[in-house]
Amino acid sequence: MQIHTTVASLRAARARAGRVALVPTMGNLHDGHIALMRQAAGRADCVIASIFVNRLQFGPNEDFDKYPRTLQADIERLEAAGVAHLFAPDESEMYPQPQRYHVDPAPAQVSILDGEFRPGHFRGVATVVLKLLNIVQPDVALFGKKDYQQLMVLSNMVREFALPIEVLPGDTVRADDGLALSSRNGYLSAAERAEAPRLYALLCRIRDAVRAGDHDFLKLETEAMAQLEAHGWAPDYIAIRRQADLQPPVHADDPLVVLAAARLGRTRLIDNLEI
């Protein structure tokens, strides 16, 4: 695997590649990331992974400084997965001067759900991803469904800017007990890790209830929030939304997704499940 720390080096390698798939990450890789790499390998001649902890998407009281940075272990995992190139720039390479131009996603997409609780987050995500797409110029870009709202925002960005890039979603990879794999799971204490699968269990319960014909969505959401609170969680939201735009359902036959975000101790976990 070739490791590139500069835009010039990465672009030179890209020019020699055929059909390219890009998998952007912030590092601290787990099996969910590796599943995306393998999915990418099936859709392109060359897989390029990026690792960059993007300051722009972190709020002032979030975990930018303590976000796990495990570059050597990540390199070993990527090599084992057969990734051809790693783009691992430092902050001065990605932002040689303060970023003055940004991507502002449509307010209807980012004032809800995670955007309500993390103002500015999706602006930072969209800005760095557009920059990565311009640097790499991939044919395909892959993003995990665990970050469902992010996937929607980035898919819409690529479409509305008419970028010649196919956006592919990757299914959420879970531990045996159902917990969605996340780089932030490492923040959990042993007791919190034992409790954490409750979030997925509640999403499954909501999915099954809706499939069985229960359309009292507010009741389902409220009961699940109460269940989390009763077990020591601090939920931000549990919401049943349309898959297409993450707005509240209008018709009973709308394809739906249930999304959740909640704090367990000091760790904020997110998850979702299509219905």
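Including glycine, each Cβ sits where the backbone N, Cα and C put it.
Note that the structure is predicted; figures quoted are calculated from it, not measured.
Taken verbatim from Swiss-Prot:
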BINDING   26-33, 144-147, VAL173, 181-184  ATP binding site
ACT_SITE  HIS33  active site, proton donor
BINDING   GLN57  beta-alanine binding site
BINDING   GLN57, GLN150  (R)-pantoate binding site
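The local packing around LEU29 (ATP binding site), expressed as other Cβ atoms within 10 Å of its Cβ over all shown chains, amounts to 26. The binding-site residues considered are GLN57, GLN150, SER183; of these, SER183 has the fewest other C-beta atoms within 10 angstroms of its C-beta. Of the recorded residues, GLN150 ((R)-pantoate binding site) and LEU29 (ATP binding site) place their C-alpha atoms 18 Å from one another.
With respect to their backbone Cα atoms, VAL173 (ATP binding site) and HIS33 (active site, proton donor) stand 9 Å from each other. Non-local contacts of MET26 (ATP binding site) by the CB criterion (under 8 A, 6+ apart in sequence, same chain) comprise ILE51, PHE52, VAL53, ASN54, TYR67, SER183.
Counting only same-chain residues at least 6 apart in sequence, those with a Cβ under 8 Å from the Cβ of GLY32 (ATP binding site) are GLY144, LYS146, GLY170, THR172, VAL173, ALA180, LEU181, SER182. Other Cβ atoms within 10 Å of the Cβ of VAL173 (ATP binding site) number 18 in total over all chains. Of the listed recorded positions HIS33, LYS145, the Cβ environment within 10 Å is emptiest of other Cβ atoms at LYS145.
LYS145 (ATP binding site) falls outside any helix or strand according to DSSP and counts as coil. DSSP classifies GLY32 (ATP binding site) as helix under the three-state reduction.
In this structure, the CA atom of LEU29 (ATP binding site) is 18 Å away from the CA atom of the residue listed as 'beta-alanine binding site'.
Between GLN57 (beta-alanine binding site) and LYS145 (ATP binding site), the C-alpha separation comes to 18 Å.
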